[in-house]
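Inspection log for the structure reproduced underneath, given as structure tokens.
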Amino acid sequence: MSATARKAAPMPDDIRAMKGGTPIVSLTAYTTPMAQMMDAHCDFVLVGDSVGMVLHGMPSTLGVTMEMMILHGKAVARGLKQSMMVVDMPFGSYEESPAQAFRNAADLMAETGAGAVKLEGGRHMAETIAFLVARGVPVMAHIGLTPQSINTLGGYKVQGRGAAAAALMADARAVSDAGAFSVVLEKVPAALADQITAEIAIPTIGIGASVNCDGQILVVDDMLGLFTAFKPKFVKRYAALGSDGEAAIASFAEEVRARAFPGPEHSFADKAPT
Ligand code: KIV
């Protein structure tokens, strides 16, 4: 699906139908201007719970709340016309029971207009995914490194190496069989990501996975060089907006101190010319 040929935002089924075709393009967004910038170029935009770390300075995604996801989801929705919006379910909003997950997923969709929600987890979330899908909530799954579980995973490690590969493959099969329309594979060895992509019926969206996934996603602040606290190996920086921005701010400060800004072109005369 080319950005120029597309008229309406895709639905989850359109994303599912892209399995094995032109790679699916996606980025995270948290604000209206960022969403506007990527709308013509992405198949879907994820309002990721990474917002907690990249915009709010939190040490992990664990402190992100439903209120934050709704606020940022509404902002992103205002910037999208062509791209589908997926909103992350934050930690604690879906793990307790399928009923809890439905209540919060329904709130996220109703408040933000999201086309789908994303939640983390494999086999243990399959029942919840099936419950949501049966009740009208399209679900994108997220397996491999699931950042909401860093405390039980022992940090931000690659998942599925060696003997752990079979369990990750079982997670991929479980979320696909449960009715998820796609699955994010985060920090998974490339060969295993290829096997999963070849075996399951739904598109795989890679982040630190494989070039052969059905699609790719990055955190927009990472790829624009706006978030520089650390750089995972899987991030490619396509711009250096953080350092460019700091240089611009330094120029502004210098000009203000030297009384070089504002110039006459930025100032107003007493009377407007007649
Ligand atoms: O929250 C997020 O940004 C994500 C992506 C890394 C897939 O889940």
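The backbone N, Cα and C atoms fix where each Cβ goes, glycine too.
For K118 (3-methyl-2-oxobutanoate binding site), the number of other Cβ atoms no farther than 10 Å from its own Cβ, over all displayed protein chains, is 24. Annotation note: K118 (3-methyl-2-oxobutanoate binding site) sits in a strand segment as assigned by DSSP. The 3-methyl-2-oxobutanoate binding site annotation in TrEMBL covers D49, S50, D88, K118.
Positions annotated as Mg(2+) binding site by TrEMBL: D49, D88, E120. D49 (3-methyl-2-oxobutanoate binding site) carries neither a helix nor a strand DSSP state and counts as coil.
Reduced to three states, the DSSP call for E186 (active site, proton acceptor) is strand. The active site, proton acceptor annotation in TrEMBL covers E186.
Cβ neighbours within 10 Å of D88 (3-methyl-2-oxobutanoate binding site), excluding its own Cβ and spanning all shown chains: 28. Checking the binding-site residues D49, S50, D88, E120 against ligand 1, the ones whose Cβ sits under 6 Å from it are D49, S50, D88. Look at the Cβ of each of the recorded positions D49, E120, E186 and count the other Cβ atoms within 10 Å; the largest number goes with D49. Distance noted between the C-alpha atoms of K118 (3-methyl-2-oxobutanoate binding site) and E186 (active site, proton acceptor) is 13 Å. Each of T28, L46, V47, G48, V51, T61, V64, M69, V87, M89, P90, H142 belongs to the same chain as D49, S50, D88, K118, is absent from that list, and has a C-beta within 8 angstroms of the C-beta centroid marking the 3-methyl-2-oxobutanoate site.
E186 (active site, proton acceptor) sits 11 Å from E120 (Mg(2+) binding site), taking the C-alpha atoms as the reference points.
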